[in-house]
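The feature domain 'NADP-dependent oxidoreductase' is assigned by TrEMBL to 18-297. Under the heading active site, proton donor, TrEMBL lists 52. Taken from TrEMBL, the feature site 'Lowers pKa of active site Tyr' covers 81. Here TrEMBL flags 112 as substrate binding site.
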C-alpha cells in the first residue's frame, strides 16, 4: 500500500500531500466505487464540501471501513467546506457536515469562497430572487471565522482555513483571528502556479492545497461560452516530454511537480484506474532542472473564473 507524505500545519497536525478530490462526484455508485478503490490502495485524504452533495456517501463508506477495522478514524483525513450561503450561520452547516460524514470531528474545514449569499432558513439553501439570482449577504469574514474558532476550540474542527481567497481577503481574516488560518485551498497548476500567493501564505505559516492540479478536465461540463478557458496543463509540451521520459501519464507528471513544490494536491477522479494512476507518483522524482523548467513557463492562466471575486 502506497505511503503518502505529509505537510506540517502550524498547529502541529499533519496534512497529507495527496488526496482524492470529489467535486462533481455526486453519483453514489460511481463515488462509492472510487472511494473503495482509493481507500484500498492507500489514499487517506478525502476532500469534499457541502456544495458537492456527496458528504453522506463519503461518510457511509468511511464509517464502514472503520467499523471493519481497516483503519482508525485518526488514520483518515477529511476536508469539507462551508457553502457560500452559510456565512451568517455556519453552525448549521458545520453540524450538517458532521452528521452527513458520520463523524465527531472534521480534520480541516474551510470557508469555501469569499462570496457570502443569503440563506433560506426553511430549506438551508441559497435564497434567490424571482429571476433565480442569489442575494448577496455582506457578512464580515471575521464573524464567520469566530464560529470556526469556537468549533476548533471544542475539537469538532481539527484545523480551519480558507478557499478561493486572495491576499487581501486572507490578510483581513488573519489580522482579526485568534486562531490563524491553517490552510488555503485554491486553483493551482503549471499554467497558474500561484507563486506569489504561495509565498504570501508560507510567510504566515498557512499551508497550501491545490485543486485542479491537472487542469480539471471535467470542468467543461459546467463551464460554457465565455466562461470556458480553453487551456490544458496536460497538453503542455514540457509535460508531454517528461511523461515520455519517465513513462508516466501527463497527470502523474503534474501531480508529482505539485508535490515537489511542497503543495498538497487533490486530483479528482471517479474512474478506478485513474484513481490508482494518480497515487502512483512516489516512485520517481523530477530533477531540479526540470522543476526550474516548470518555473520558467511564465503563464498565469486561471481556468476557474469567479466573477464575484476581486482577484
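Glycine is no exception: its Cβ is also placed from the backbone N, Cα and C atoms.
When pLDDT is averaged over the domain 'NADP-dependent oxidoreductase' (18-297), the result is 95. Most Cβ neighbours within 10 Å, among the recorded positions 81, 112: 81 holds that distinction in the structure as shown. Other Cβ atoms within 10 Å of the Cβ of residue 52 (active site, proton donor), summed over all protein chains shown, number 22. Residue 52 (active site, proton donor) sits 11 Å from the residue listed as 'substrate binding site', taking the CA atoms of both as reference points.
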